[in-house]
Amino acid sequence: MATYTHGQPSLSLEDGKLRRPMIIEIIEKKIEYLRKEKTLNIYGTAFLGTAASFSGIMANFIFRHCFKVKHDALKTYASLTTLPFLSTVVTYKLLVTDALYLGNISQENCVLRSSLISIICGVLYPCGLAFSKNGRLAVKYHTVPLPPKGRVLLYWLLLCQTEIKAMMIPLVLETAFGIFNGLQHYARFESRRENCT
């Protein structure tokens, strides 16, 4: 048999009715906070993906000019806009966002992963994709002289050596965007974790 002492809260039916709306209100506030937090994360990831799309457009323009390709412009521009965007967003979510939510990533590791994703998916992947697509079109429509046997890749790299240096601009920008986004994402995650505890 429980006895009531001065200082202990008394448990009654009314207290249970009052606590339930308070708990529901706290849960609703936490859910709303998490929704805001996820939209902020989506904006940073979408920004990286958009920068990768612009890098793909620039790479396609450079390689189309180098190989003197005039055919299938819509097809190459469409693929070089969407594929870098999607690959950047998916890779960032898998390697940075999910690792942050699991809690096994430091700030330095987050920034490193974010910058590497922006370099690989935002610059190197669009360059390789534009090189292969426009190289195939150049061979198909005979817009550049065919290379000698055995050294096809070296021949094409020497053909567009000076123009490819313009891709240093997106490389620097993507690296800066990746570092900034990684720092901002980690700071937001830490503040959210402190607020939840």
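Note that Cβ sites are derived from N, Cα and C of the backbone, with glycine treated the same way.
The annotation transmembrane segment is assigned in TrEMBL to 42-63 (among others). Remote same-chain partners of the transmembrane segment (42-63), defined as residues 6 or more beyond its termini with a Cβ less than 8 Å from a stretch Cβ, comprise 69, 76-77, 80-89, 92-93, 97, 114, 117-118, 121-123, 125-127, 129-131, 133-135, 160, 163-164, 166-167, 169-170, 173-174, 177-178, 181, 184-185.
The transmembrane segment annotation in TrEMBL covers 75-95 (among others).
Annotated transmembrane segment per TrEMBL: 115-132 (among others), in sequence order. Counting same-chain residues at least six beyond the ends of the transmembrane segment (115-132), those with a Cβ under 8 angstroms from any Cβ of the stretch are 48, 51-52, 55-56, 59-60, 62-64, 76, 79-80, 83-84, 87-88, 91-92, 95-96, 156, 164, 167, 170-171, 174-175, 177-179, 181-182.
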Outside the transmembrane segment (75-95), six or more residues from its ends: residues with CB under 8 Å to it: 45-46, 48-50, 52-53, 55-57, 59-60, 64, 113-114, 117-118, 120-122, 125-126, 129-130, 133-134, 137
